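Here is what TrEMBL records for this protein:
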BINDING   C241, C308, C309  Zn(2+) binding site
DOMAIN    8-323  domain 'Hcy-binding'
Amino acid sequence: MGIGKTTPFEDLIEKAGGCAVVDGGFATQLEKHGADINDPLWSALCLIKDPHLIKKVHKEYLEAGADILVTSSYQATLPGFVSRGLSIEEGESLLRRSVELALEARDSFWDSMKNKHGGHAYNRALVAASIGSYGAYLADGSEYSGSYGSNVGLDKLKDFHRKRLQILVEAGPDLLAFETIPNKLEAQACVELLEEENIKIPSWICFSSVDGENAPSGESFKECLNVINKCDKVKAVGINCAPPQFIEDLILKLNKLTDKAIVVYPNSGEVWDGRDKKWLPSKCFNDDKFECFATRWRDSGAKLIGGCCRTTPSTVQAISKALKEKL
């Protein structure tokens, strides 16, 4: 990249005042609209049954002030679709559709805003294609433990992700979002794939954390980031779907370990029991707390802030209000 040239990703962060807003919980909002996603495919089931709801949720997050839309492909995988009786071709088409729906929502929203008042109240959002971890496909809670077993090595993880990565990139998103990565091995697989496939669009890699100190596998973030820091194709690293009370300390920790932009989009603080498939009562943040903490997270060094499970468009609106107050 030549001197003075920036990517649309970097431009967006600058236009947003130094900290851009990522959207919020997707499955949470789909369920509010009546979608039944109690299924191994989770929110990706709506790609088959209710694609209009996916577009509706994207629009709601854009109206709330999201600068980045994350696609509905987190749990969309070719093996997952095939296990439901779909063909490989149908699965590939659904993966492409996840990006197309987000792009269509973004473009129609942006056109309507320009016609209304020049779009000044909003930035033209970018679309990040979601790539969930191998554990998300397993749907057994292992994205929160990193315990994939001794038979899952680097090559197996790369083979698992490769075709999905290729299809999603071909569909034309602005970014790639590797989400809820639980261990160093899968982070390495993501990095090596980006290099092997010579991916041209920027990526971020987000881990979760169940203790506020380490990756779910127990490996230190220093170990995990060592394999990411050498890769210029990864523009941001961070945390998603971890309790919000962990976030400030994790931002400070990550800032010491990398020069890449920091992205955080925590859940509401409620705890998901991956085995019994239910939310457990726990300490959670309401929208007012997200509004308050968003500025603290930004001031601690985060460049992208949003929400994950159990957050809503009203959460994102609160975050956007806090971050864009002086713009």
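Placement of Cβ uses the backbone N, Cα and C atoms for every residue, glycine included.
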Listed binding-site residues (C241, C308), ranked by Cβ neighbours within 10 Å, top entry: C308
Overall pLDDT for the domain 'Hcy-binding' (8-323), taken as the rounded mean: 94
Protein Cβ atoms within 10 Å of C309 (Zn(2+) binding site), excluding its own: 21
